[in-house]
Each structure stands twice: as structure tokens, then as C-alpha cells.
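Peer 1: Dumping what Swiss-Prot says about this protein:
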type	residues	note
DOMAIN	5-234	domain 'tr-type G'
MOD_RES	K55	N6,N6-dimethyllysine
MOD_RES	K79	N6,N6,N6-trimethyllysine
MOD_RES	K187	N6,N6,N6-trimethyllysine
MOD_RES	K265	N6-methyllysine
MOD_RES	K310	N6,N6,N6-trimethyllysine
MOD_RES	K400	N6,N6,N6-trimethyllysine
REGION	91-94	region 'G3'
REGION	153-156	region 'G4'
Amino acid sequence: MGKEKQHVSIVVIGHVDSGKSTTTGHLIYKCGGIDKRAIEKFEKEAAEMGKGSFKYAWVLDKLKAERERGITIDIALWKFETDKYNFTIIDAPGHRDFIKNMITGTSQADLAILVIASPPGEFEAGISQNGQTREHALLAYTLGVKQMIVACNKMDDKNVNWSKERYEEVSKEMDLYLKKVGYNPPKVPKVPTSGWTGENLFERTGGDHALGKWYKGPCLLEALDACDPPKRPVDKPLRLPLQDVYKIGGIGTVPVGRVETGVIKPGMVVTFAPSGLSTEVKSVEMHHEALTQAGPGDNVGFNVKNVSVKDLKRGYVCGDSKNDPPKGCASFNAQVIILNHPGEIHAGYAPVLDCHTAHIACKFSELILKMDRRSGKKLEDSPKMIKSGDAAMVKMVASKPMCVEAFTSYPPLGRFAVRDMRQTVAVGVIKSVEKKEVEGKMTKSAAKK
């Protein structure tokens, strides 16, 4: 074994019928973790159920119930390799209710592939004021996914037929929007693709093909390989937000999540915030292999001693008891940008916050100041209200214990989305946190250390 390739997490985003799952499934089918026999079985099942065109998307539908409904819900983790990287795909679904999933999923991604449907009418629907293309791109940026690739998909559609004009029109429109969001458009490759036929996904299209005649850029895999390697904050203290907690027969309690900063290893004493519970880590596993240490970007399960499943919850944060352990917060100050709220927001507003894997109602207890969203300059102290388009510094108080951090110290734990009325009404970045001291319980194994 040579040096292990670096892991890169991808989130695939885009409007509901852009072809995300088909493109993703095709990638995994060709380059990754699914054996050919399983695919043949899927093909047969899909055909029998009259969903032949969902063949590759089917690859991503692990659950029987999901299959019959024809939509992908679970944020599934799937792997494939290129010459340079080991990619893990977090399949983020595109239906409106799943934006919450997307927020917690996206905070794990190093790179976003934004899949857009090129056919006339479909592209416009995705980018319209209430289309998901816009919202997904904005969320990805705010949640710290700084690298993006746009796949101009469904180029094989009979109304597009690999048209250079349509590709240029769609690319130009996307550039305008991506610039507004904060991306630098020349740095975002726009790759014409067909998730269904596989054209320009894995290799460049030859000159005899309608696309090859005018397109000389990279295929999707080449664009992925050309991404910058993510910088991993290994030297920071451990922060690992829990995504789930399992009880596994014969093993015990196994919290699961992604290491955001620092490292976790067997024998370490860890503290969970906001409860303050401390215990010893027995073992750490990734993809069913025991590890001596896991670092930033690794999705792991770890076994903890003498802890009941009831003591841990999704949204809790695990850290090193001896090195800046995480704590719950009494309140925090955040810079918030209001995206789409129909009315005025006053002090006392209490929407749901999605921060890392936590999902908790928080009150805007004080509107501290209103600012210019581009320059950050102060416009007004203690505004009476804020509305769509405004940026403000706000003091927030959570309705129940939660653990967050300042964005400058621990970026993945310092950004959040504000949800209300089933949509994302605002996004924010945490500037400072007032920590809460708690007397946490310590298990016997932790006390010995």
C-alpha cells in the first residue's frame, strides 16, 4: 500500500428533478463501491416497477420503502475513487423538507457538485425565486463549502441536444447567481453532462460526438480530481458532533459522527457537551475497520464505556476532556443574514436553528445592531426590527441545552441556518459564545484516567 489517498467529502445538490441521484449513482456504479451483480438486480427491479429510467438512482436507494416512493431520503454515504482522491458522496436530497438534512449534511462536505437540468423550463424552474438551485448554492456557501463544480446535466435531452448555445446561456446565468452568493465564477467549472448516458462523466467526449465538436473542457471526474485538497484542522482540540447513537448487541453504545477538528483514539477520555458527561473511548471504527486514530473528515463510530444510549443524543458534541473540552452555551452572539422572511423580525422571534447536527429552537433575545452585509459596517444600533435582505448582530438563547462554538475557533460548529415555515429564513455565523459550566457525570473508566 502506497500513501493513502486523501479523503474528500462531496455533497450533491440541486433541484429535485435535475438528475442528482442518477448522476451520483452512475459515478458510484462506474468508479466505486457497488458490485455489478447488485446493479443487475437493481436494473431488473427498476424495470419491473416501471422505473427503468431510475436505474442509477436506484443504486442510492438502499431502503425498500424509499424504493417504492421513488425518492431518496437517507443521507447515504457512498464511496468512489479517482487517481488522486477517495471521494465519499453524501447524497443530499432535493425535496423542500430535506433542506434541514442538507444543512446538517452539507456541513460535512469539502466540495459541492451542483447538478442543474439544462432543458428549457427545467433550468429556469430550479433557479426561480423559490427554486432549490438558488437555496442550495447559498446554503453550501454559508455553511463553508467553498469549492463547487456545476454539472449542466440532461444535455442529452431532445430539447437541448448538446447545444453549445444552451450550455453558454445556462452557464452565464449560473455565474451571475454564484457571484451573488459569494463564489468566484471563473473558479467554478461548468461541466456539460448526461447522468443517464454517462456522457462526459468519466472521460472526455470524442470529437465525433455532438458535444466533443465544441466542448474542450474537463469531464466531471477530471474536474473532481482538479479540486484543491481540503486542509484538515488536525492540530485543534477534538470536536465531533454526533449524528446518531446506536446500541449494538455485544458491543454497547456507539455514537456516530464526523470528526470536524482534532483526533479521536481508543483509550482517550472524552466529554460530551452540553451534558458534561465524561467517559473513555474503547474503540474507533470507520467503514467496519478498527482505527488507532481518526482525524478531521473521517466519519466514524466509536464505542464508549458505561454509557447508556439514553445519555447521548444527536447534536451533542464530543471532545477531549483534557484539551479545551466542549461546553454547553448560555447564549451566543451571531451575525445573521435574513434571506426570505415574509415579515419583520423582532426581539423574541424563536425559530429553529440547525447548527452542525443540532436542531434546536433559539430565541433572538436581542437585536444588537444592523450592518451592511457586504462591508460589515454598522448601520444602526439596537434596531427595532430586521427584514429580508438585512444583516444584523443578534444575541441568541437556545430553548434547551446545546453546544456551539465561535466560527473563528471551530468553523463547522460556528455556522447555522435558521428555519421557519418550512424554509430557510436566515443563515448565520457565530461571533462569540457565553459558555455554561455544568457538573457532568463521570463514568468509572474516565475517573481512573
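Each residue, glycine too, has its Cβ placed from N, Cα and C.
Where in this structure would I find these features, and how exposed are they?
Peer 2: Each residue in the domain 'tr-type G' (5-234) has a pLDDT score, and their mean in this model is 77.
Annotation note: K79 (N6,N6,N6-trimethyllysine) sits in a strand segment as assigned by DSSP.
Long-range Cβ proximity for K187 (N6,N6,N6-trimethyllysine), meaning a same-chain Cβ under 8 A and a gap of 6 or more residues, is found for none.
According to its DSSP assignment, K265 (N6-methyllysine) is coil. Within 10 Å of the C-beta of K265 (N6-methyllysine) we count 16 further C-beta atoms, all protein chains included.
For the recorded site, K310 (N6,N6,N6-trimethyllysine), the DSSP three-state label reads helix. Counting every protein chain shown, 9 other Cβ atoms lie within 10 Å of the Cβ of K310 (N6,N6,N6-trimethyllysine).
Just so you know, the Cβ of K400 (N6,N6,N6-trimethyllysine) picks up 11 other Cβ atoms within 10 Å once every protein chain is counted. In the three-state DSSP reading, K400 (N6,N6,N6-trimethyllysine) counts as coil.
Same-chain residues lying 6 or more positions outside the region 'G4' (153-156) and placing a CB less than 8 Å from one of its CB atoms are 18-19, 23, 115-119, 122, 162, 167, 192-197, 199-200, 211.
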Peer 1: Of the modified residues K265, K310, K400, which sits closest to K79 (N6,N6,N6-trimethyllysine) by Cα distance?
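Peer 2: Among K265, K310, K400, K265.
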Peer 1: In terms of DSSP three-state secondary structure, what is the assignment for K187 (N6,N6,N6-trimethyllysine)?
Peer 2: helix
